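Enquirer: Quick one: this structure, given as structure tokens, is what I'll be asking you about.
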């Protein structure tokens, strides 16, 4: 009888794992300082869990600048792909077309000289307004060294311009060309993320203009997005180009800083966006303690 | 007589109707000011007295009382716990919106869903809707303050800027990587580890109960990421593989709601290296399932996520959070089997001790 009880208990214990009901938290003495020689995994495995491929690599490789085949989920590929997004918007962006990185399929990076690092990416890009996606192959050259130079990008995409925006662009252009009531707007989007439907095309236009700055300013150590258009003012039409003066706020993810830029740019349907002047404004400290107070 | 009763009934009914019309449903899909959130917390406690208690656990720099909602069935015993905080960074408005939604969801589920009933019986949920209250209030001040990130403490004497980045101020490899010692920087880590009253509040409250906590979830935006410890590339959590597995499961759950992809990984892998985060501190304390949620979007609207995205964002994030919480719960509480085993062991031990024979 007692033997049977012990057997039952043993079986039950086996199922539940332990006689006690609760399991304490993992002991921290097991947390390790990862040292290249002590990493258990030395084989690269690819597990596909859901839609995110998990590539398990030696930790040591990650500490050095990622070279060779890139992990598509890790920041080096993501930052380089974001640069491609800015580049594509400078080329193809318009009041009715805005491109966003959708997915990274493959990535590769290597040093091509003492002063340059080349990334090759296969990505998918989404057109936000028409909601279409297309594949792109891109090459990004990041300059290394003391002088801050802009990255060089080349990209070829399949069918990015699927949706024809010509009619809408022409209508907008004609409406604002005549200088009768020059556009003036602030806070796109506002604090609640809201943009008046009439102002959306000018928010898109500002993102395109901002993309020139973001592309110029990008490096392997940055990730830029446009946070807001503080204000945008239309100036008199010049040479058949609509002309705008705008104050934009960029968000740089790695430093978390908000950077202010002033831009002078033009736009027309045939010529796209051209930035005439760009100027970084000094670091604004909202809520700085004013001088001469206790 | 009958007409008198009838008239009184009519008056009573109208009064009741007026009273219910008076009370407007809280809109979980709009951004709310701090006073609105404070009032909402009071109402939630009032409406759910058997499961909700407000706990005051610290003070902000500007001397506001930091409060959380403790949600759980009072069993009279020491319980395991889940921690969730939102709004450690002022400009990330979608985060406090999610905490409020999360509370509403679990209270609603508690009424009808046996699984949630079991979890609220076995665990207490500690939810702080807005941790950085001073910063959040400041971000509502006017158009120029919307993108404030840090708290509102004044910084060292020679500094003419305000604020410390609370998520660089915790005692977890403090001041080593991904921080600035420039007081006007957005990632200024403070004069020393846990120099900030808001970080002290969490450190003391959670720290004094660290063995109770199974999960520590800290909610941020933007980027669509689920970050696992640690922020320092030289440190690997003992349960890294498990954290990744559960995180990937959560990302799958998120994707199944509205198709949005959230990337899972350590901060140095998928975002940037950093130190002094609350998530890292919690994991160092031994809290096994410690995650940072970076909610929508991926940079189009950024911190100023449109209000029409509050609902879908909250729905998907809830799915993800629930996945992690349910995993932690189920691993800890193995249900009837464990209870039966425990009972039988106790019986056998009693028999053994008293020398009683069973035959």
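Just so you know, glycine gets a Cβ as well, placed from its N, Cα and C.
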Enquirer: With the ranges A:2-21, A:22-41 to choose from, which does TrEMBL describe as region 'Disordered'?
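Expert: From TrEMBL, the annotated region 'Disordered' range turns out to be A:22-41.
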Enquirer: When DSSP states are grouped into helix, strand and coil, how many residues of the domain 'Cystatin LXN-type' (A:66-165) land in each?
Expert: 18 helix, 49 strand, 33 coil
Enquirer: Please list the DSSP helix, strand and coil residue counts for the domain 'Cystatin LXN-type' (A:184-287).
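Expert: DSSP classes over the domain 'Cystatin LXN-type' (A:184-287) add up to 21 helix, 53 strand, 30 coil.
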